[in-house]
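Features of the protein shown, as given by TrEMBL:
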type	residues	note
REPEAT	11-97	repeat 'Solcar'
REPEAT	112-214	repeat 'Solcar'
REPEAT	221-312	repeat 'Solcar'
TRANSMEM	14-37	transmembrane segment
TRANSMEM	69-90	transmembrane segment
TRANSMEM	185-203	transmembrane segment
TRANSMEM	224-245	transmembrane segment
């Protein structure tokens with residue numbers, strides 16, 4: 001007697017969360033050098049940020065080696081796994097709620113409407129920002145401080161030939177230094193623009209869901225189609241919200257005081273006005289090339305990986321359950 005194909009449940013929050021975390025790790029590992037380039041461009045001066053893509057890569061490799069392109073990768077992988085796990089758990093929980101409500105109301109289709117997709121994205125995104133902002137503050141500090149450390153090495157070498165290079169900061173070291181020097185509140189720097197940026201996944205996932213619904217009326221969804229639909233959704237969302245991404249990165253690395261003990265952390269609008277005043281509106285779009293490329297590729301890979309990982313997670317759990325009951 002042949003085994004029947006396991007039925008994949010439509011609203012399994014944990015399986016979706018695990019698949020999203022795994023897909024996020026794989027996609028970020030593949031595209032991380034682009035994150036390094038865009039993050040450094042966002043927080044550096046206009047003159048430094050105007051460096052061409054190839055020149056920026058060569059500069060980092062010359063100063064720090066290939067590993068410089070992966071500064072802060074460990075905290076980023078941890079961050080994306082937690083971020084995606086939380087996001088997909090709450091998104092699928094909200095989706096299940098709306099689908100149950102649609103059945104109860106006798107609606108012909110259980111698929112989420114545009115408004116329901118936006119609400120689901122807002123709930124999931126807000127929960128994710130609040131829980132994971134500290135991780136991304138540390139990651140941004142890691143990504144940018146390694147560049148500063150490399151500059152210091154160059155200065156030290158020029159002043160004292162043969163002097164040992166400064167020790168590169170670790171993830172834990174960066175976190176402890178942040179807590180010691182600036183206090184726990186520093187871990188929530190940039191949380192306001194991050195909450196505003198919840199509109200990014202709202203736009204991305206709403207557009208993706210509606211395009212997916214349209215495709216599924218005519219044909220079965222495949223990993224290749226998910227790749228291109230995910231890319232289209234992320235391209236639109238990142239292009240619209242990029243100024244807030246720049247401001248969030250700058251707020252992550254801004255010191256809590258001016259060195260005299262005076263608190264001077266900028267608010268979101270103050271940061272936007274400062275960038276426009278000092279660099280013009282173009283300053284809000286520093287590093288947009290590598291960032292859009294990275295975001296689009298990451299989203300595309302994520303959507304391509306996620307469905308496959310979801311099915312494999314369900315199958316693995318089914319095998320484990322059957323063995324436990326045997």
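Glycine is treated like the rest: Cβ placed from N, Cα and C.
In terms of DSSP helix, strand and coil, the repeat 'Solcar' (11-97) has 77 helix, 0 strand, 10 coil. Helix, strand and coil counts from DSSP across the repeat 'Solcar' (221-312) read 73 helix, 2 strand, 17 coil. When pLDDT is averaged over the repeat 'Solcar' (112-214), the result is 74.
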